[in-house]
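**Q** Quick one: this structure, given as structure tokens, is what I'll be asking you about.
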Amino acid sequence: MLYSHSRVTWRTALPRLRTGASSSAHYTHVLQALTSTLKSDWFSSLGEEKRRELWDVFFLRGPPDQALLVLLDSISSQSESSALERCVSVLEEFLHVGRVGVLLWSRCLDTDSRCDSAHLREVVLTRVASLPALAANRLGTRAPSALTEEQYYTHLTLHLIHTLERICSALRVRHTTVEQQLYVSKSLLLCLCLLHHDEIPEIREDLLQCMLGGVQCRLDSGVERVRRMGMVVGECISRRLDTSTSQLKFQYKADEESRELQSLMEPQSEEDEELPPAETTHIPQTKCESSSGQMVTSQHPVTNQTSGPGSDSELDSDDDLTPYDMSADQVKRKVTAPRYVRDCLEALMTSDDPERVESSLQAADGLLRRNISTTREVSVQFSKVLLHLEDRYNITGFYTLRQNAMVSLVVTDTQPVVKYLTTEFYSLNYSLRQRLDILEVLAASAQELSEPITQKGVPSQSVTKVTPLDRCGELEHWRDIVDKRIQSKTRRISKGVSQPHKSTPNRYSPVAGYFFFPLLRNYDRPQVTFDLLGSDHLVLGRLVHTLGLLMHLAINAPVATQMGKALLDFVWVLRFHADQMVRRGVLFSVCAVLLSMPSEILLLELSDDLVETRSWLVDVAETDTDADCRSLAVQCLLLLEKSLKTHLQNPMLKT
């Protein structure tokens, strides 16, 4: 009866121990209780097959780090007996079935709170690294071959390589958090830094293949942080391999994270670690004798330079005068800026002079906004020229100037220019950069059209940065002092009624459909150079985000209902997309629909799929690997619940 009861209880408890909450809280205690039964009569009565089924299996399933710690502690505490032999046998089986690889993989992906303990990480790392030494200290020459240094470290190295290959796969990059990828990148660079120069030629080809594959899948990511991480790691690995043909060099904006990754390739020596920080280092005062025979006290390092015979004349020179601020000076150009729209267009089309092209591009924004009638005559042609214009002369702020000019064209002559841009978005022979530029121009133009027009009579409230003319910047200007005294002594009975802002029509509302619906026209038609639902997920993510922005700006517009229905149908098929940028765009679009559509129509539209929509949002908020996706999903749930509570009599029932 005891055997039957134990068999049923343990078999039903085993699946529970393999789940997250139970395993982290009770798994170690269960294993310790099992090791305490090794010398019991019940364990001795079991056959070999029953021992494997009812005892060994608990150490070969569940969290591998806890199982390894319990086994090693039991081996260290057991005396020469059959119990010690049983623990050693289970440890051999633990290594044979690949539980070390599972341990490494779980350490890369586990986000449990217990993994945040620095002490636990240190203990696990020490046990994994010193397992052969621990076995040799306890077993001596009777240690199995699998626990010797040669076989164990070979086994551990193979699992490390296999774990890195799994993490560097394109699928894993898309489904892991940025923090986990940063952790793996740091580990990889640390291992590479500790690699000896004599060992590099043997594995150079393998490292090159792994490096190229890992960099490629990260460059395909839509997250800028992941792309920059891949660039930094690729540069560090290629520099470490020290080959003239495989040196990688990328252009990226360095930040604190990239500098930290690069510093891992330059480990500090013991002498560097003992030195105090430069900021806290005290430089003693030194007294040095000048050429005139006087003792001069200085807190700066002593240099070998000696003052020449003309030092007295140098002290009397004009070097102590404050130099004139020339930071705001403009370089006088040989080419004058164009004054007419057609001259500006001609210069951008035909000119090969860099200064003329730059001056024309800088003047285009103002010319197009001032000359409305002329701009409408050449708006489509001007848009075509700007869309195909390339930065051949490395002009400062080229893309910003070009985008501002294209936004001016859209704002001035909206329908023709928007029709041209939305048509060209799905056309052939366009680069991804040009398609992204089209989306950026449409989003910026819609945002400007939705804002009220600034009245010319109202002065700007922006604060102008003026350099004070006072010789002492700490003293207030005399006029400011007088104004403050007058205001303090003036008695005001009433300030009068404040004038409300004059209402202006929303210029975006009548043309919102021209921006929105053409972008949904051909998204499911792959082309030779453009596959929106395939490999070009970067453009897809930007497209979905732009559609959500256009939807949000169309709030209270008559066409908002039709736009919301079309957008929901479009993003519903993309809600499980592998790329996190696309998922962010989908959730942003759902938020825009919940904010912009009337609640009655929204509930009517989602009546059939309300339960599925809510369950999908809950799943994203709990399990998505991207933090922004989880945050957006929570916002969508709050907006959906608010709409239901406002327009339904009964509160929303939780499913």
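Any Cβ shown, glycine's included, is placed from N, Cα and C.
TrEMBL does not curate its annotations; it predicts them automatically.
What you are looking at is a predicted structure, and each value in this text was computed from that prediction instead of being measured.
This is the feature table in TrEMBL:
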DOMAIN    150-244  domain 'TELO2 ARM repeat'
REGION    257-329  region 'Disordered'
COMPBIAS  282-310  compositional bias 'Polar residues'
COMPBIAS  313-322  compositional bias 'Acidic residues'
DOMAIN    338-446  domain 'Telomere length regulation protein conserved'
**Q** Quick one: DSSP breakdown of the domain 'Telomere length regulation protein conserved' (338-446) into helix, strand and coil?
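**A** When I sort the residues of the domain 'Telomere length regulation protein conserved' (338-446) into the three classes, I find 86 helix, 0 strand, 23 coil.
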**Q** Helix, strand, coil residue numbers for the domain 'TELO2 ARM repeat' (150-244) per DSSP?
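**A** Once the DSSP states are binned, the domain 'TELO2 ARM repeat' (150-244) shows 80 helix, 0 strand, 15 coil.
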**Q** Taking only the residues in the domain 'TELO2 ARM repeat' (150-244), give me the average pLDDT of this model.
**A** 80
